[in-house]
């Protein structure tokens, strides 16, 4: 094999290894984060909602600690309902991977009419949650809690 071919092969392998180490993040979560920022006018970073109470973040169990945590529980339940829809029950079409069309105008969120049934349902789950987050008080004491003892 020629040295130039080996260099190209090595470069491809290195780039593939680098891409494999990037953690996958469902695309819909980016949209949901943007909706949250729209609804709360950027007053609180989205990451503050990722590990809040018993339901905000991955998973969820127990009794919500406050109104904001109830918003997350309702959002989780909404995604659960989306997964039951025939339009949303095939691979990569569920709530975490299905992107949708929406608009943000001065804090007002609108799910666009061009979304199919699954996308419209998921968009409405995210829209409702983002509005709920914006209205609910944020208690710093409920961020990054020990869910094993408090939930």
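Cβ from N, Cα, C; glycine included.
Residues 55, 57, 59 are recorded by Swiss-Prot as Ca(2+) binders, and the candidate that the same record lists for that site, out of 76, 77, is 76.
DSSP classifies residue 111 (disulfide bond) as strand under the three-state reduction.
If you take the CA of residue 71 (disulfide bond) and look 10 A around it, the recorded positions you hit from 38, 55, 57, 104, 123, 151 are 55. Under the DSSP three-state reduction, residue 104 (disulfide bond) is assigned to strand. In the three-state DSSP classification, residue 55 (Ca(2+) binding site) falls within coil.
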